[in-house]
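Input: a single structure, listed below in structure tokens.
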């Protein structure tokens, strides 16, 4: 990979690759409809960045590699380990893609009046075409421009909201004293809070599309600076979006809140800025989503082309992009109605269960065998997927059974430790 970007540009690209519909729409919607639980998601995604920097990114930078699969290949030779880890990475990317496609399809449906399926097809088609034309270089600059535009828009919405409200009584009028801190219904069991915390803390260190951007800069110092700046920008952005959700909780009526958590922020922009701000926000949200989509498509297609098929042919790249688009499109039809923030949380759970244990063990632990590493990654991914299917989100909400087999929403607190245990235990038998 060529190092063409300075630290500031890389920080903007990291922000653009990391922040999507789940942040701009999902966090504000969760805060408006569920209260303080919305900030719980935001804080988890913020804290995940220092974890990634100190546990994974810095060791990878010192070794001079460009992806986490290359890092492991330095220690464990063989095509089997690259294929196995590539498949788990692709699962994370596809689930993230599904979340962004759902947000984009609902937004396009709201603005144009088209049905959800048609809107979903249009979004997927446009994203695939853009990736085929722009590639990695165009995607990076797209994400840089997207960051500047989105951050500016968010500040404008915040200032207009404060101007619209009585700023001297902001915390009182915004609903902070009106059940904001009371227990909500987003999670039924405390186990889910702890499990999701693990997913958000350690899942960032297992996202292939994020890890690769640490090595688009010249040296370790630039990488550290870019991570610091990206963390600062992301932290400020999440706090702003949280406060916009708080304001929406008191400004909007119940009908707007009941239209769906993903659309709350759009209703707020219409209230404070009427049609002009509403359509500007809609267009910029599309830019936001397509920037993230393009990064995910590039990361997924590159992994599939080079690590799975081991091919340099251009037609294989085209096939991989189209194949990923079809899979994500079909899954987005199945998961219709799911909150995009939860869907991204699911991808983090998979990353924390399958990718992070492999990375951590290959960097810090001795006497780890290649076969145990592959087995641990597959066990973590399998557990995360099976427990999610048996849980209430899929078993009850999608399959319409009366009660779930697995009672919890998130599985990271079970699947991630078992993945670690599998790697360490079986390394004693597979040398």
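Yeah, the Cβs are placed from backbone N, Cα and C, and that goes for glycine too.
No curator has checked TrEMBL annotations; they are predicted automatically.
Here TrEMBL flags 12-32 (among others) as transmembrane segment. Using a Cβ-Cβ cut-off under 8 Å and counting only residues 6 or more beyond its ends in the same chain, the transmembrane segment (12-32) has close neighbours at 5, 38-39, 41-42, 45, 99-100, 102-104, 107, 140, 142-144, 146-148, 150-151, 154, 186, 209-210, 213, 216, 226-227, 230, 233-234, 237-238, 241-242, 244-246, 248-249, 252, 257, 260-266, 268, 285, 288-289, 291-293, 295, 339-344.
Note on the transmembrane segment (38-57): residues 18, 23, 26-32, 68, 193, 196-197, 199-205, 210-211, 214, 223-224, 227, 230-231, 234-235, 238-239, 241-242, 245, 341, 345, 348, 356, 359-360, 363 of its chain, located 6 or more positions outside it, place their CB under 8 angstroms from a CB of the stretch. TrEMBL lists 38-57 (among others) with the feature transmembrane segment.
Summarising the annotation, TrEMBL assigns transmembrane segment to 83-108 (among others). If one looks beyond the transmembrane segment (83-108) by at least 6 residues along the same chain, the residues whose Cβ comes under 8 Å of a Cβ in the stretch are 20-22, 25-26, 68-69, 72, 114, 116, 119-120, 122-124, 127, 206-209, 260, 262-263, 266, 282, 285-286, 289-290, 292-293, 296-297, 299-300, 303-304, 307-308, 324, 327-329, 331-332, 335-336, 338, 340-341, 343-344, 346-347, 350-351, 354-355, 358, 374, 377-378, 380-381, 385.
Per TrEMBL, the feature transmembrane segment maps to 114-137 (among others).
As annotated by TrEMBL, transmembrane segment applies to 144-163 (among others).
Positions annotated as transmembrane segment by TrEMBL: 193-215 (among others). Within the same chain, residues 1, 3, 10, 13-14, 17-18, 40-41, 44-45, 47-49, 51-52, 55-57, 60-61, 65-68, 89, 92-93, 96, 187, 223, 226-227, 295-296, 298-300, 303, 345, 347-352, 354-356, 359, 408-414, 416 sit at least 6 positions outside the transmembrane segment (193-215) and bring their C-beta atoms closer than 8 Å to a C-beta of that stretch.
Using a Cβ-Cβ cut-off under 8 Å and counting only residues 6 or more beyond its ends in the same chain, the transmembrane segment (227-246) has close neighbours at 7-8, 10-12, 14-15, 18-19, 23-24, 27-32, 38-39, 42-43, 45-46, 49-50, 52-53, 57, 147, 151, 154-155, 157-158, 161, 174-176, 180, 214, 264-265, 268. Per TrEMBL, transmembrane segment is recorded for 227-246 (among others).
The feature transmembrane segment is assigned by TrEMBL to 276-302 (among others). For the transmembrane segment (276-302), the list of distant contacts is 16-17, 19-21, 24-25, 90, 93-94, 96-97, 100-101, 103-104, 107-108, 111, 123, 126-128, 130-131, 134-136, 139, 142-143, 146, 149-150, 153, 157, 160, 208-209, 212, 265-266, 269-270, 317, 320-321, 324-325: same-chain residues at least six beyond its ends, Cβ to Cβ under 8 Å.
Annotation source TrEMBL lists transmembrane segment at 314-336 (among others). Same-chain residues lying 6 or more positions outside the transmembrane segment (314-336) and placing a CB less than 8 Å from one of its CB atoms are 90, 93-95, 97-98, 101-102, 105, 116-117, 120-121, 124-125, 127-128, 131-132, 297, 300-301, 304-305, 343, 398.
The transmembrane segment feature in TrEMBL is assigned to 342-365 (among others).
The transmembrane segment annotation in TrEMBL covers 372-393 (among others).
Taken from TrEMBL, the feature transmembrane segment applies to 405-426 (among others). If one looks beyond the transmembrane segment (405-426) by at least 6 residues along the same chain, the residues whose Cβ comes under 8 Å of a Cβ in the stretch are 187-189, 191-192, 194-196, 198-199, 202-203, 342, 345, 348-349, 352-354, 356-358, 360-361, 365, 368-369, 371-373, 375-377, 379-380, 383-384, 387-388, 390-393, 395.
Among residues of the same chain six or more beyond the transmembrane segment (144-163), those with a C-beta under 8 A of the stretch's C-beta atoms are 9, 12-13, 15-16, 19, 24, 170, 233, 237, 240-241, 243-244, 247, 251, 265, 268-269, 272-273, 277, 280-281, 284, 287-288, 291.
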